[in-house]
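Taken verbatim from Swiss-Prot:
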type     : residues : note
TRANSMEM : 17-37    : transmembrane segment
TRANSMEM : 55-75    : transmembrane segment
TRANSMEM : 101-121  : transmembrane segment
TRANSMEM : 140-160  : transmembrane segment
TRANSMEM : 166-186  : transmembrane segment
TRANSMEM : 217-237  : transmembrane segment
TRANSMEM : 249-269  : transmembrane segment
TRANSMEM : 277-297  : transmembrane segment
TRANSMEM : 338-358  : transmembrane segment
TRANSMEM : 370-390  : transmembrane segment
TRANSMEM : 395-415  : transmembrane segment
TRANSMEM : 420-440  : transmembrane segment
Amino acid sequence: MRYSSYEMKKNRFTYGLALGALGVVFGDIGTSPLYALKVTLSGIPINQFNILGVLSLIFWSLIIVVSFKYLMIIFRADNDGEGGILALLALMKHKSTKYQPLFYIVAIFGAGLLLGDGMLTPAISVVSAVEGLGTLSDKLYPYVLPIASVILVLLFSLQAKGTARIGYLFGPLILIWFITIAILGILQIVEHPVVLQAINPYYAIAFLVDEGLRGYFLLGGIFLVVTGGEALFADIGHFGKNPIRFSWFFIALPCLLLNYFGQGANLIVRPEEISNPFFMIAPPWFYLPLIIIATVATVIASQAVISATFSLTKQAVLLGLCPKIPIVQTSMLHSGQIYVPQINFILFIGTMAFCLAFKTSDNLAHAYGIAVNLEMLLVDAMVAYAAVSIWRWSTFNVIFLFGLFLLIDLAFLGANTHKFITGGWVPIVLAFVIAFIMYSWRYGLEYLRDNFYMNKEDISKILKQLQYKSLNQLPGVSAIFITDVYDKSGGSFLHFLKLNRSVPENVLIVNYIVDNIPYVHYSQRYEIVCLDEKVCKLVIHYGFMETINIPRSLEKACNKNILPFKFNVDTATFMVEIPNIMASKEKRSLSFYWQEKLFAFLMRNYSANLNIEFYKLPYNRTIAIGTYCIL
């Protein structure tokens, strides 16, 4: 669900926005109590000293990493109300510096890490919830994985339907989840209030000193309580800063702390219940309802991660970082409701592979977190640069503050390194693959623009050379020539002239530009240049969160009398150019021959039909003009 940009820009607060944020933003971090404390305490003696030390680390991690770093500092780095690593990249593009190529690499690698996280989060969340069946009977344990698999299959198969009809329920359902886990925690804390001493950071420091190297590596388990914190920044554009802050400080944070402390209080007197400390703090009669509530909460958390991945993909496509893969709008009312079939399939295969390979939430936890940790580090570095170059903070303040953040994240990363060999390598390798594909695509488009289109003569000169007015006219015919991002010279129109030696009565050459802001105001939408009496070049500006719809934009332009001539968009013919890219061993355009082959493959498979779909052109009135390019 997306709310109006006016609300976002004014940071308007409503309880509806806060409730919506609760359902989408905090699902991931909100379901961490299912497994985080169990994983952290496994393998060490379950005694009061260790429990207080771990609880103190959890408390201060949530305060420093989420409450202070993300909600107070990182939130400042929004791009016109939009958050996330690609929005941050677009913000950096406002400052043209020598570091811009580095920012591209950092951002696309971070995007790849988030895609890897999108595979692991549904797996560990749903499996950990269904594992609650073991509290009902040991005989139900063999059914945990099949039931979790069925839930995940249904979750991914229903993505094409969208969440418009049930999305409004996410907030109230997650609110029920938070209230439930808070009450369960309070019941235990009242009986054993000694756990409240863990608020004192002394216990965290004493625990790390006493446990030494083993205690340090337990930070990998502690990090699980802040996974999902990155979603707070990514979802600024959906709900705004103030509703997210309100939901965190008044609902999510207190409820999470109460539950973690409640689990700890129970373990102090019943250390044998470490096998499933979350479900064991509930009375036996509440096991089944709690399993149902937990499963619903984890499905919502998984849905939020999947939707965020779709949104990230759309940003990458519009910013020209990846091919124009099919993006389906699942709601006519909310532009944020989208479905990306190919990404959904990749996430599904990855999630099911993790489930079947690791089988339990404990095993999944040994692979989970390192990708999120790396992504947080990358965001820290980019925001630190923004603080110096855009916010004009003093170098000393930036070094002190972000030095602290980097030190904490590096400490977590060091503790998470062992996860690389226990499955954490999968999302990291996937991130490298995705980053390389994005890099090859971006570099290939730039090469195509600079070597095949940039050097073309000005269209007005070519029109004179061809004696445009003496060419055969097609009276009553209006043609719209669409040029891609790499083509600023009207290649489709020029190829049409050379092939036909005749011209439509009205010619409009359309080029679109995705600006480095999420939404473009109507007053800045159009730029028009008249090349001849009946030939115009129109540039349409979009934001990186908008849906490109050329016919709709042209219809609005006609209604506002922006164009010097009249034509009917509903009867006009659209022309698109489809380049056929071939890799050549004789000359080297990109870094490697197989990189050229990859770019050529992507261009061949994501140009013709997908260009027509991407621009929302009518198939029955669109003509594709082929051209041949050898790299």
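Glycine residues also receive a Cβ, built from the backbone N, Cα and C atoms like all the rest.
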Query raised in the report: Near the transmembrane segment (166-186), which same-chain residues lie under 8 Å Cβ to Cβ, leaving out any that are not at least 6 residues past its ends?
Result: 1, 19-24, 26-27, 30-31, 33, 251-252, 254-263, 281-282, 290, 293-294, 296-297, 300, 303-304, 337
Report task. Please indicate, using numbers and ranges, the residues of the same chain that are 6 or more beyond the transmembrane segment (338-358) and have a C-beta under 8 Å from a C-beta there. Result -> 115-116, 118-120, 122-124, 127, 145, 148-149, 152-153, 156, 159-160, 162, 306, 309-311, 313-314, 325-330, 364, 366-367, 423, 426, 430
Report summary line: Given 55-75, 217-237, 277-297, the one sharing the most C-beta pairs under 8 Å with the transmembrane segment (101-121) is 217-237
Requested in this report: Return the stretch with the most CB pairs under 8 A relative to the transmembrane segment (55-75), choosing among 17-37, 140-160, 249-269.
Outcome: 249-269
Query raised in the report: Looking only at residues six or more beyond either end of the transmembrane segment (249-269), which have a C-beta under 8 A from one in the stretch?
Result: 22, 26, 29-30, 32-33, 36-37, 41, 46, 48, 51-52, 54-55, 58-59, 62, 66-67, 71, 175, 178-179, 181-182, 184-189, 191-196, 198, 225, 277-278, 280-281
Report summary line: The answer for the transmembrane segment (217-237), taking Cβ pairs under 8 Å and residues 6+ beyond its ends, is 2, 8, 21, 24-30, 32, 35-36, 39-42, 44, 54, 57-58, 61-62, 65-66, 70-71, 74-75, 77-78, 81-85, 87, 114, 117, 121, 211, 244, 248, 256, 260, 301, 304-305, 308, 311-312, 365, 368-369, 372-373, 375-376, 379, 411-412, 414-416, 418-419, 518, 545
Query raised in the report: Mind checking which residues reach the transmembrane segment (420-440)? Cβ under 8 Å, same chain, six or more beyond either end.
Result: 104-105, 108-113, 115-117, 119-120, 316, 321-322, 350, 354, 357-358, 363-364, 366-371, 374, 590, 595, 598-599, 602
Report task. May I ask for the residues of the chain that lie six or more residues beyond the transmembrane segment (395-415) and have a Cβ under 8 Å from a Cβ within it? Result -> 64-65, 69, 73, 216-220, 222-223, 370, 373-374, 376-377, 380-381, 383-384, 387-388
Report task. Quickly jot the same-chain residues contacting the transmembrane segment (370-390) by Cβ under 8 Å, restricted to those at least six beyond its ends, or write none. Result -> 69, 73-74, 76-77, 85, 88-89, 91-92, 94-95, 97, 99, 103, 106-107, 109-110, 113-114, 116-117, 120, 223, 227, 229-230, 233, 397-398, 401-402, 405-406, 409-410, 412-413, 416-417, 419-420, 424, 427-428, 431
Query raised in the report: Are there residues at least 6 beyond the ends of the transmembrane segment (17-37) whose Cβ is under 8 Å from a Cβ of it, and what are they?
Result: 1, 3, 7, 54, 58, 66, 121, 124-125, 128-129, 167-175, 177-178, 181, 221-222, 224-229, 231-232, 235, 238-240, 243-244, 246-248, 251-252, 255-256, 259-260, 263-264, 277-278, 294, 297-298, 300-305, 307, 361-362, 365
